[in-house]
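Database features (TrEMBL):
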- 25-30, Asp50, Arg55, 103-107, 144-145, Glu178, 289-292, Arg359: NAD(+) binding site (BINDING)
- Cys289: active site, nucleophile (ACT_SITE)
- 345-469: domain 'UDP-glucose/GDP-mannose dehydrogenase C-terminal' (DOMAIN)
Amino acid sequence: MVFEKLLLQKGLKLKRKMVKICCIGAGYVGGPTMAIIALKCPSIEVAVVDISVSRITAWNSDQLPIYEPGLDGVVKQCRGKNLFFSTDVEKHVSEADIVFVSVNTPTKTRGLGAGKAADLTYWESAARMIADVSKSNKIVVEKSTVPVKTAEAIEKILTHNSKGIQFQILSNPEFLAEGTAIEDLLKPDRVLIGGRETPEGQKAIQALKDVYAQWVPEERILTTNLWSAELSKLAANAFLAQRISSVNAMSALCEATGANITQVSYAVGKDSRIGPKFLNASVGFGGSCFQKDILNLVYICECNGLPEVAEYWKQVIKINDYQKNRFVNRVVASMFNTVSNKKIAVLGFAFKKDTGDTRETPAIDVCKGLLGDKARLSIYDPQVTEDQIQRDLTMDKFTWDHPIHLQPMSPSTVKQVSVVWEAYEATKDAHGICILTEWDEFKTLDYKRIYDNMQKPAFVFDGRNVVDVEKLREIGFIVFSIGKPLDPWLKDMPAVA
């Protein structure tokens with residue numbers, strides 16, 4: 001087979017010609033993943049393609065379209081050598097031996113499964129294009145998070161349009177955490193490859209395994225059947241989100257009883273069966289995957305006649321929504337039950353630190369909740385642009401997960417929102433501060449200076465537990481920190497969730 005002729009063999013030597021990899025989709029997954037493959041496999045030519053001219057232009061510039069620590073150096077080291085970014089999708093797909101597909105799989109907004117099921121429009125379009133332009137056998141790799149059995153559907157599209165060309169479908173889900181994506185790619189906990197349990201399927205698995213084996217220890221490269229690989233990704237994200245919702249549920253109980261969620265989390269995390277990760281209480285989880293994947297999981301359970309299982313996973317999202325609503329209610333109730341025409345400083349808009357990604361960030365719902373009570377918001381985030389913030393506050397739900405060229409070109413601006421590029425400017429003359437992203441710089445701000453320039457009483461609502469509560473109270477702030485014993489002021493003004 002062509003894969004045996006072209007792809008890596010034992011000893012990591014190539015037999016006939018340089019292997020070519022193409023990735024369709026130059027986003028948060030495709031760009032960094034391909035950059036690391038290019039870095040670690042100098043004998044492989046890697047092309048990242050996208051129909052968005054602006055995105056590819058950014059990848060070829062000094063200002064990359066996404067912020068990720070360490071990414072800039074990797075791209076600059078490989079770009080133009082064996083890493084290329086292009087809008088000539090068909091050319092690179094046609095020439096590739098392995099095609100990764102990393103396109104958007106948004107939640108459907110209408111029709112069957114609306115609000116839960118994944119919309120595979122872009123995936124199907126990519127599959128039809130691959131079949132149309134291919135002149136040689138190819139391995140097609142699912143890199144996007146997709147519903148279980150997607151590979152089977154894609155396989156049917158490719159087979160029925162193959163013109164005699166053979167395609168092998170693999171599932172290779174990503175397990176990256178934004179902010180540490182480069183480190184995750186360089187030293188992954190595991191690389192998961194799922195394929196058909198046929199001789200041809202096993203050869204395809206081995207071909208992709210040989211690529212990763214150039215820098216990943218073999219014992220960390222796991223192989224499964226297609227369905228197990230697809231479900232493993234959804235399950236992993238569901239488990240992680242479940243931990244966050246669990247600790248956030250406990251944070252509400254801590255506030256009601258006077259317990260301290262930090263102490264409770266530490267005690268729970270010392271149990272070796274549980275461990276300390278993902279036990280930090282917060283205003284809620286965000287990011288492109290958690291909610292979308294759980295909704296997808298819920299839909300799959302419902303379609304397979306498992307309503308009790310579906311209901312179980314729904315609760316993870318319900319608690320997350322409850323936590324965001326509870327935070328907004330606490331802000332409004334604490335400030336004499338109204339924030340109308342009051343300036344509220346919002347520190348942090350990205351869904352977590354060390355990324356500029358705002359997809360499903362809790363800040364969107366918190367800001368919309370405050371705007372609903374007619375607050376004036378002054379927002380500062382070191383990595384998020386004003387255009388992105390305005391876009392997020394005006395877009396319909398789930399619109400963010402469609403390709404950028406299909407989103408509204410110039411978002412209508414929210415008049416009560418100003419975006420500034422310094423924390424001190426955001427907090428000047430503010431009545432309250434909401435900390436919504438755990439950027440390190442928010443821990444070391446001069447809060448005495450901030451207090452002196454705020455309206456009084458001055459409030460801090462810490463949605464990420466980053467500030468020293470006692471120090472701020474000594475300065476004069478009234479402080480609410482998720483899951484911590486309540487300020488005496490707050491006890492007199494209970495928030496109704």
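The backbone N, Cα and C atoms fix where each Cβ goes, glycine too.
When the binding-site residues Gly25, Tyr28, Asp50, Asn104, Glu178 are screened for a Cα within 10 A of the Cα of Cys289 (active site, nucleophile), none qualifies. For the domain 'UDP-glucose/GDP-mannose dehydrogenase C-terminal' (345-469), the number of residues in each DSSP class (helix H, G, I; strand E, B; coil) is 42 helix, 19 strand, 64 coil. Under a cutoff of 8 A between CB atoms, and with a sequence separation of 6+ in the same chain, the neighbours of Tyr28 (NAD(+) binding site) are Ile66, Glu68, Leu176, Glu178, Ala181, Ser288, Asp357. On the 0 to 100 pLDDT scale, the domain 'UDP-glucose/GDP-mannose dehydrogenase C-terminal' (345-469) averages 90 in the predicted structure. Long-range Cβ proximity for Gln291 (NAD(+) binding site), meaning a same-chain Cβ under 8 A and a gap of 6 or more residues, is found for Ala241, Phe285, Ile317, Asn320, Glu360.
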